[in-house]
């Protein structure tokens, strides 16, 4: 009886420990600063080209006429503008492909800091293009900015997932999505006519990119590197302990160190795997497929189509053309508020309900929007229903599908697999982004308002897959999440622990012994990468 009471007391104490999580100052500053110079700039560059579009096209035409003595034809102008917008995704794909060796060599934090070289170079090129009379500088700046975004959208979630305690890993991971939304909203605000949305001021919209980049460069170097990277890849236990202490705000981090070492012992190897090795590893097949599905649905679920229709729907509702830019701010505000809400509730509700529920709500509002757009000329109040549906779809996207895919990519893979996994996720993300930009005009021309039914179908497919496949990852260690997929991958736990790296099982026992010795001594052994 006494032992039972002691056991119950220990369980209560453990639960209390789990609930008590310290948001240290270093953890907050690292997440906010990391996101400001990374995902914020991604969101900002998504929206910043919308407001000055007419002025930039005029600049293209004037430059063409000055060079060749005649105005550019409409088809060529449209092509130049399409390239300017879509080439951002090509740069993002390049960044996603090169991020793996960069984060391996420089680390997560240093990658974020060094990535600002791309951001500053792009900002200078784009902001000086009007002065230099060269639209090629603007296009080149867009592709370089895309490279910056491709790197940061992999390195930032990786960094955040590795510095945060598992109890708040989802909330901290949502910082990526929140700052994307804040970036979009900031681009809309700065693009207003009273600020930089004028013909003589639009270059300042691109020059403003330098500000968050410089803030990150000034602050982030003084914060620790990812402790998991320091321990598992650099084998420096003393630095890892100091990093954990600073991020967690406590002196005793032995439990966190032991969790990381337990993951390492389970893997039997700390050598980073390549993308090809990861794709050939049976123990992570369903994790890879889950990341591909969530990232694919993230881009293909139709939010880009919503932005395309927004101005037309506002016009149909009787809103003055000059007033539309101010009304459009409501979409950015709703997006930001929904992302913040998701960050606040993700550790209570979990990843599954927010993802599946978000896609489910999008299906409902896409169906209603299709009906209201089709019949809006017959009933006078239907345009207002369309506006409500637009805001509801944006909110539904941001509470789950808009940010959780980045969180999941960091959670579903163990340390040595994570860089390759983010490379796969980033590649899918940017390829789908480019495909939407390329194919949506044709889909819209062919189906008109019924194009939203295509996106509803994609949302349904994504929700159904996640309902049957995705386990809840809330409050679980990376090793526990890996174990949750073991049965679906048709591998035993022993196989999953020993077979992460095809062709390297013979050396695993020796490498584990060497690794344990190296972290105990705080030094790097030659045989381990």
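Placement of Cβ uses the backbone N, Cα and C atoms for every residue, glycine included.
Automated prediction, rather than curation, is the source of TrEMBL annotations.
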Matching range for TrEMBL feature annotation, transmembrane segment, among 353-375, 491-513: 353-375
TrEMBL annotation (transmembrane segment) - matching range among 202-223, 224-245: 202-223
Intrachain neighbours beyond the transmembrane segment (112-133), with Cβ under 8 angstroms and 6 or more residues off its ends: 34, 37-38, 41, 59, 63, 66, 95, 102, 106, 140-142, 144-145, 147-148, 151-152, 155-156, 159, 202-204, 206-210, 213-214, 216-217, 220-221
Residues of the parent chain within Cβ reach of the transmembrane segment (202-223), under 8 Å, 6 or more residues beyond its termini: 26, 29-30, 33-34, 36-38, 40-41, 44-45, 48, 51-52, 55-56, 109, 112-113, 116, 119-120, 122-124, 126-131, 138, 141, 145, 187, 190-191, 196, 246
Intrachain residues whose Cβ lies under 8 Å of the transmembrane segment (21-42), provided they are six or more past its termini: 109, 112, 115-116, 119, 145, 148-149, 152-153, 155-156, 159-160, 163-165, 167-168, 172, 175-180, 182-183, 186, 209, 212-213, 215-217, 219-220, 223-224, 246-250
Other parts of the chain folded back onto the transmembrane segment (353-375), taken as Cβ under 8 Å at six or more residues beyond its ends: 294, 297, 301-302, 309, 313, 342, 345-346, 382-383, 385-386, 389-390, 392-393, 396-402, 404, 449-450, 452-453, 455-456, 459-460, 462-463, 466-467, 470
